[in-house]
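Feature list (source: TrEMBL):
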type     : residues : note
DOMAIN   : A:42-478 : domain 'Amidase'
ACT_SITE : A:Lys90  : active site, charge relay system
ACT_SITE : A:Ser165 : active site, charge relay system
ACT_SITE : A:Ser189 : active site, acyl-ester intermediate
Amino acid sequence: MNPDHMIRLTALQMAEELNKTTFTSVELTKAHFDHIRQIDGTAQAGIHAYLHLNEDDALAVAAEVDRLRAAGGADAAALHPLAGVPIAIKDNIVTSQQPTTAASKILEGWMSPYDATVVQKVRDAKLPVLGKTNMDEFAMGSTTEYSAYGVTRNPWDLERAPGGSGGGSASAVGAYMAPLALGSDTGGSIRQPASFTGTVGTKPTYGSVSRYGLIAMASSLDQIGPVARTTADAAALHELIAGHDPKDSTSLITEWNDLASAAQTRDLTGVRIGVLEELQGSGFSEQIQQRFDEALQLLRDAGADVVAIDCPNMSYALPAYYLIVPSEVSSNMARFDGIRFGNRVVPEADSTVKEVMAATRAAGFGDEVKRRIILGTYALSAGYVEEYYGSAQRIRTLVQQDFARAFENVDVLISPTTPTVAVPLGEQVSDPASMYANDVATIPANLAGIPAVSIPGGMAEHDMPMGIQIQAPATRDAVAYRVAGGLEALLEDKWGRPLYQQAPEATTAATAGRQD
Amino acid sequence: MSDITREQLVHLAELAHLDLTEEELDRVSGELDGILKTVERVQEIRTEEVPATSHPVALHNVFRDDVVRGVLEQQQALASAPETESGQFKVPAILDGGSES
Amino acid sequence: MATKQLPSIDEALAAFDPVLGFEVHVELNTATKMFSSAPNGFGEEPNTSVTEVDLGLPGALPVVSFEAVDYGIKLGLALNCSIAETCRFARKHYFYPDLPKNFQTSQFDEPIAFDGWVDVELDDGAIFRVEIERAHLEEDAGKLTHVGGTGRIQGAEHALADYNRSGIPLVEIVTKPIVGAGSRAPELARAYLMTIRDIVRSLDISDARMEHGNLRCDANVSLMPKHADHFGTRTETKNINSMRAVKHAVTYEMQRQAALLAEGKTVTQETRHWHEATRSTTAGRPKSDADDYRYFPEPDLVPIHVDQAWIDRLSAALPEPPHQRRKRLKATWGYSDEEFRDVVSADVMDAIEETIAAGASPAAARKWWMGEIARLANHAHVPIADIGINAEHVAELDGLIQQNIINDTIARQVLGHIVAGEGNPREIVENRSMAVVSDDTALTRAVDAVIEQHPDVVAKIVGGKTQAIGALIGPVMKTTGGLADAGRVRQIIIEKLDLNG
């Protein structure tokens, strides 16, 4: 099989071919690096999904998998089904032996002395790690334009943003620079980029995947999740990274071994699907609404029971989110002070520690991070904590109650993932408030801790993809995968091929300038 | 809730140990007012009787056994520090005593 | 300030009543830290008892030590507190380089224990009840060393940070305002701190050594005019590092504040630093609105629920309150007031109790611990607990004396050998052949030789000067290396010289 064909397979297909020894993991991994070098480009031109490539280590892991498989016997049989399938990792997930920057200047060159739990799981399962992907600085943003190392561009249109914060992981997967990637989702950072790049992304139930080693943005909302081209691939990666971790006190003791099979069930007969009244119509673009309505019809035709659901407090989710997030951000960002790690800025020779910290943080953080720190400091400071943070936490309860009531009557809730398609680069940076409004459909799941999968729903304005989001009750991630997989199959039958195969071929040959 | 005054903003930046330039202070002040107008909607609904949710999935009593596990080597601990001396992190002069515990 | 004559305590109290308050930090002696599995160690090489959690590295998350919570509840119960059914940790934010995350994970509005009291015994045996507002769990900060200048914070060129102490579990005990102590306020301060120390030691939850920083005390002092209906402005004195110092610090602050108020000046609300060398305090940071800690519930930790079964389990195992225990032991052992007070202040009450439990008499136990062992510890400049002699040693030693295997003189030598690490008393006596010689054959031979060597003495004795027998016993003891039983030697001499007839 030629390298160009290999990289276009799904992750599960790659796993199958590796198992059949159609090609080796070294061949597959090299094919990805070749493709990355060919199209990823730099901050100035190209997609620029990667901040750092991990070639030597990835090829060593691939060679080990090939050797074990060739030797046969118990060791070969014990290999994880995804062993040898390459993966990319968002740069806010710490990795030993390669830099972790969270796309911030303040962490430029930082080497973590430890691996995140998910990275440890990926290493144990022997997936070659291709590299670290670009993102908005500390995951604060919706376009990946707030990276300190330059924007990532959308493979469907290099003039447009790939979404954010996980634009690097979504673009890498969408443009065949990785079959799988890890993302993190605090208010839509996995799902919104998936929607904008025609890929699949899941925000798991809060506590399904360990946060140990995820550089915290808003701890009570953050969740690591899978990024892939198909629902089945996403579910398989979710199973790999999920599970109880004693190092994360918010980690759930729950089994997550039915996700991959659920994604391939196909049968939607009798599934009760709720349509969130608050998350459609006004504010949602015309073509996104059309694609969404068409998807609902497909679901009805397939025997699903589609009903309207009212969640009256949903409109408060956005303001509550934008109080909880900066509050926790202002706290989580406090440790970046240039004392124990990271870069230090000394304004004058005899500066005090206080002056050094303030200068270090001023130089190390970008605009959006500073904005959130100041807003959060305000929201938590004397006299305001109950008014702001307290009220927001109570609204969180109301949103949870809305969902709980809804799930008494339906198995899943469905909505478009975003109100619009990917915006042109530069448009949102000039208007932060519009950026926040873009997350209206994805934020409630984070507030409530429930799982949500975004799958491609078709083409909308400007010949850009749109996404459909399926939300399920907490710990019922399998149910979300079942409906997502079922709908994905119906749509692919209708289109004749998966949406990701309709993306224009990226041909950027810009090769200069990457640090690897 | 009112707009954030310039004085307040300077105080917040100091609390957050963040040197903001005059230009940044101007810009952030305008942006924050906009954001605050959006978020103050949280106070529209009466929520006194509603309990606060700090965690999306309610757990309690998650503990660790009191058993020592691995530590970092001193060299690993210091590896990423901007400056070190005698196995310790070197810190610029501290003029005001302020530790609490 | 130092040169100015301060009013005496009596003068200070002529017009004012003191109001005290204490914040005592107790370092728990768990195996691991509050939120990480790094060892809870002291005095190791800097930055070697740390994990990514203790350094606050990006991505690291805390997990609560069960043992630390258990200890916190025990202490709450011993302080007669209510235990919270549900409590949480919160983040307390302030930037300081000894604080790796620039916030301390502590408990804010939901402490694990609250509303308690403790009875404090003053020097004359009077009991003063101190009300406890709360006891809460939190983590310790790292340690900063100031380099250059005088080594003090002011004028130092830079500081060095060691995070070994970062994350060690603490319980902070906060009293309610203590009124009514009057002139005994300084004495009460010391007695309160000793009571807390005794309680945490009896619970075995802390080493409670002030010199090691296991026990730290901040003292709030204010003066209110007599018969006033509200408290005066208080100061908070930090860095108090001994039982004695807390008494002196309270005395000094009362005098200083009284002088200010007498001159019509006002007391500034501030932290003050205690200086042992000058026995005075100096102004620290003023308390102000800038102390905005921006508390909010720690999102990386989940709430703690304490049910009745948990409380019952710990209540059942609670030791007797220290002052009740002292009362009981004193009566049981039959010590005089003075003897018992000496035992307590020498810090050997526990050792004596264990020694008696191991079989020694109260008198013997006191004799050895207050005598030779105290002397050895004093000589070696170490606390008596660290000299290397335990209750079993002393009881065994006493047993050997009772069995006439050794005498007091030899026992003292044996103690020295224990300190030198030569094992337990029986081993030492055997290995060094120190047993008192009571074998008559050997003794008779020795007596025969001495009689032969000292005919003049023998003549005196036989002539009626029986008190001269001592002059023969001495040489016998000498030839047997002090191991002979002197009583038996005398007996043999009497028999040999036929003095009984």
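Each Cβ is built from the backbone N, Cα and C atoms, and glycine gets one as well.
All TrEMBL annotations are machine predictions without curation.
Worth saying up front: this structure is predicted, and the values here are computed from it rather than measured.
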Spatial neighbours of A:Lys90 (active site, charge relay system) that are distant in sequence (at least 6 apart) but have CB under 8 A: A:Lys132, A:Thr133, A:Met135, A:Gly166, A:Gly168, A:Ser169, A:Ala181, A:Leu182, A:Gly183, A:Ser184
Cβ-Cβ neighbours of A:Ser165 (active site, charge relay system) (radius 10 Å): 35
C-beta crowding around the residue listed as 'active site, acyl-ester intermediate', within 10 angstroms: 36
Pairwise Cα distance for A:Ser165 (active site, charge relay system)/A:Ser189 (active site, acyl-ester intermediate) [Å, integer]: 5
Mean of the pLDDT scores, which run from 0 to 100, over the domain 'Amidase' (A:42-478): 95
Reduced DSSP assignment, A:Lys90 (active site, charge relay system): strand
